[in-house]
Ligand SMILES: NC(=O)C1=CN([C@@H]2O[C@H](COP(=O)(O)OP(=O)(O)OC[C@H]3O[C@@H](n4cnc5c(N)ncnc54)[C@H](OP(=O)(O)O)[C@@H]3O)[C@@H](O)[C@H]2O)C=CC1
Ligand SMILES: CC(=O)C(=O)O
Ligand SMILES: [Mg+2]
């Protein structure tokens, strides 16, 4: 069953099962802690722990500021909740809030390289909560409070800000307020309005709503023009029911009593309440060119589709990522803390919040450069009704927002470690971008523009079905599930998978009218390789890989993905019976390893066992070609155990010869070798070889043999904490990808997207 309404089914959406699998697959949850120092030897232990650790202990006791030098504190934020207002789902308790809090923590890391841990505090008692948190100050550089209901959150935040000397920031209040204010600035500009005369109604008078209203008032919005509503209706002066001091502060003189009355003729609607709170009639009654920010999560007060059915002059934003104009605090909290931590701010004040809102608003007005367009799924946006605010994947955010926040902190005297070189700071911020995310983004974006038919050869496997659905849901094209339809449907029903959805096609190999064509095609290829016609018939009838590869070979599909049920080399052999290398190319496997913000391509991780010098040169060319297609400028290191002749040995000879072959071929990319891995990857070690022709550390590593390629990528993954994508097959005449038997759904979808990408370029 989809996690969203039926009306949302055509959107890029996820199913409930996908959401559960995402959280449970592999190591349950979304976070783990990994050490930053080696912990291997007795010496390491003596330094990290007793007796060595005593030295920083004494230094910190003497000068507390040195905690930022000797511990992780300065880059560590706690995400803390008691689960009393989880998104718009209400009070579901501390434990149930953990997925959201883990999510916030990974967003801190992903978007702004801030380390973060979630803490769920199991009390609804305000004093207990405050006491629990206040003593945690020494552990963290900042505290991000999350999903705590109003009015408790106001008291908690206020008291913690008084007693703690690090930033305490209730994200639902200020994060939301900053993003909503940025969106509002732009929506007002687009509709020719200003802060003085615009009339705004805010539904919801809790954490997020009160903070939004306070921030826009602080920015100059006319207080007389704001009406606040809650479950009891309009908050008017003199109301007694369901009131508190924070609501009273915003009560106005009015004879309107219900939300319907309040919104009549209003210019702006802010929804920070609950799903469906704004009715079609209310939308009808808003002023011309209304601004509707329906920000409740996960389901907004009204959907953009519903608004579109009523009127076409509205600017609509929601808190969701699957509609244009996502007004969600994810655009703020990672970057705001990044800036605050970088100047060791003692607090996050109004000036810093306003600076963040203004920086965000201006970013949306700027032209979207090429390398940023990918974040917008190919629809390079122009400032306008459908684009009033950047998306969370916009890589410019990491430079723009922390810079604005840090500057404002310095200007207002709350920066304990002001930045002296802002240019250098800007470069450091850009370096925190995760390069592969933009690469994958680019791939997905290109495929969305030119959707492709990808056959999932092992269509009866539950994991393939789920991946196919994810492929179709992300609008990458048609996912063709190959297999016996009856079996597939039985499994799908048992697993709660809905196969009757747009973008999913089932092909039953046995009943296909194309069996004859595929058999003739394959027989023509194999008849002189020891296969009888009936052998080929059996391959097409019984073997999904041969059927799928023939579909691709004859143009009935654009690409294929397989590998879950059969070991890699067997699947590869199956495919090679049907599809050749592209003329002038060699089929190789390239793995993409991502580690600590660095991406390297490793080749050949799939095909050649002990490549000759000639083959190594081909591998370098294929891998460099892929690197270019992914947007990198390749710097290829031909790896060996030796570096430039030392120690000398027969096995490095092939690698040296491969370098000479590349010289003769006059290839148009940087390469050098033979060299050891540390020379290739560590610029200080590389500097010992001033004649080395690489202009920087290598981003493509050509391994001397399959065993070293396979061993090193697997070790990177298991021991080094790297994410490894692939191997990606390159060099085939048609687009084929093979996953490993242990692949997760996300690996399969990534490779299917890559198959689609390769099919189109
Ligand atoms: N897009 C974004 O970035 C963010 C969105 N939000 C969303 O805002 C909403 C509120 O969150 P938060 O402020 O943290 O929660 P709180 O519990 O602090 O406040 C909820 C408020 O909404 C009011 N409310 C609830 N249902 C209705 C309704 N049907 N009609 C009118 N008012 C209603 C409550 O009224 P009463 O006071 O009478 O109980 C209360 O004032 C959630 O949906 C949340 O997901 C929150 C933070 C960020
Ligand atoms: C986005 C968010 O923090 C919320 O909806 O609560
Ligand atoms: Mg929240």
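From the backbone N, Cα and C atoms, a Cβ is placed for every residue, glycine too.
Sequence annotations record features per position, and here TrEMBL assigns active site, proton acceptor to 104. Positions annotated as NADP(+) binding site by TrEMBL: 86, 87, 88, 89, 90, 91, 92, 93. Residues or ranges marked as compositional bias 'Basic and acidic residues' by TrEMBL: 1-11. Summarising the annotation, TrEMBL assigns domain 'Malic enzyme N-terminal' to 28-161. Positions annotated as domain 'Malic enzyme NAD-binding' by TrEMBL: 173-410. Marked as region 'Disordered' by TrEMBL: 1-38.
Here the features listed in TrEMBL are placed on the structure.
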residue : record                       : Cβ within 10 Å
86      : NADP(+) binding site         : 24
87      : NADP(+) binding site         : 16
88      : NADP(+) binding site         : 22
89      : NADP(+) binding site         : 18
90      : NADP(+) binding site         : 11
91      : NADP(+) binding site         : 15
92      : NADP(+) binding site         : 15
93      : NADP(+) binding site         : 15
104     : active site, proton acceptor : 26
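For the domain 'Malic enzyme N-terminal' (28-161), residue counts in helix, strand and coil come to 67 helix, 18 strand, 49 coil, using DSSP. Checking the recorded positions 87, 88, 89, 93, 104 against ligand 1 with a 6 Å cutoff on the Cβ atom leaves 87, 88, in sequence order.
Other residues of the chain with a Cβ within 8 Å of the Cβ centroid of 86, 87, 88, 89, 90, 91, 92, 93, the NADP(+) site, are 83, 84, 85, 96, 97, 147.
Proximity of the binding-site residues 86, 87, 90, 91, 92, 93 to ligand 2, judged by a Cβ distance under 6 angstroms to any of its atoms, singles out 87 in sequence order. For the pair formed by residue 93 (NADP(+) binding site) and the residue listed as 'active site, proton acceptor', distance between Cα atoms is given as 17 Å, rounded to the nearest Å.
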